[in-house]
Amino acid sequence: MEPDIKEEKIYPLGYEPETTPESTDPNVRNQLINFILKSGPAEVVDTDLFAVMAKRRSTRKFLDKPVETAKIDKIIAAADTAPTAGNYQGFEIFYVKSPEKKKQLIEACNNQPYVNAPVVLVFCKNPSRVKFDFPEYVLKKFAIQDATLAAGYSQLAAQALGLSSIWIGMFDEQKVMDVIGTDLVPSSVLCIGYPKQTKFPKPRRNLKDLVHVTW
Ligand SMILES: Cc1cc2nc3c(=O)[nH]c(=O)nc-3n(C[C@H](O)[C@H](O)[C@H](O)COP(=O)(O)O)c2cc1C
């Protein structure tokens, strides 16, 4: 059974989408997410989900060009559409804006210089939102899946918007937590911007080798 979440959605402190609906009607489900996802003027480069998937390629070199706020809003809203365990939304997004914090994040991320990207989002697990009556380790497992999937949705949204990204999984958890000022454990850092160069997708193993049919 789906839980009835009455709680307000928590956004990172200070985050305001560029445009919001004229009136907020609590009876309209997902009003803000839908408004952001459907509204312009963000240029959507590709609306074909499968084309977006087929073209996505990680980028570590970004142009200095800033990413439009409407695009950032869409990337964040896309994360919010991801499924989560029990719909408890066991994750949070930290939107790192200051150049100083990005610099500190580089160090926290094993000195990976591209963490200084135009848009840096840290996806953290928040198992305390997952209200199932299950052991703590299960709640943590759900929260990491929630946070990871949400970041994946944002990554695809970025691609659809003509942006590129790099997923950072190599970091010192405590250092990242200190930089963004939270006691929530990060699951990934997503760095987004306009790519300096458009590259072909990387090769994958043969699809037939990936699938293991069990009867
Ligand atoms: C769980 C995970 C952790 C990753 N960690 C890093 C990382 O710390 N640094 C980095 O440069 N790339 C990292 N990547 C990006 C991968 O190297 C990249 O996705 C992979 O080479 C496939 O390339 P593609 O994304 O262009 O298909 C990570 C990706 C994933 C999914």
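Cβ atoms are placed via backbone N, Cα and C, with glycine included.
Annotated features, as they stand in TrEMBL:
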{"type": "COMPBIAS", "residues": "1-10", "note": "compositional bias 'Basic and acidic residues'"}
{"type": "DOMAIN", "residues": "54-112", "note": "domain 'Nitroreductase'"}
{"type": "DOMAIN", "residues": "115-194", "note": "domain 'Nitroreductase'"}
{"type": "REGION", "residues": "1-27", "note": "region 'Disordered'"}
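For the domain 'Nitroreductase' (54-112), the predicted model reports an average pLDDT of 97. Look at the domain 'Nitroreductase' (115-194): DSSP puts its residues at 37 helix, 20 strand, 23 coil.
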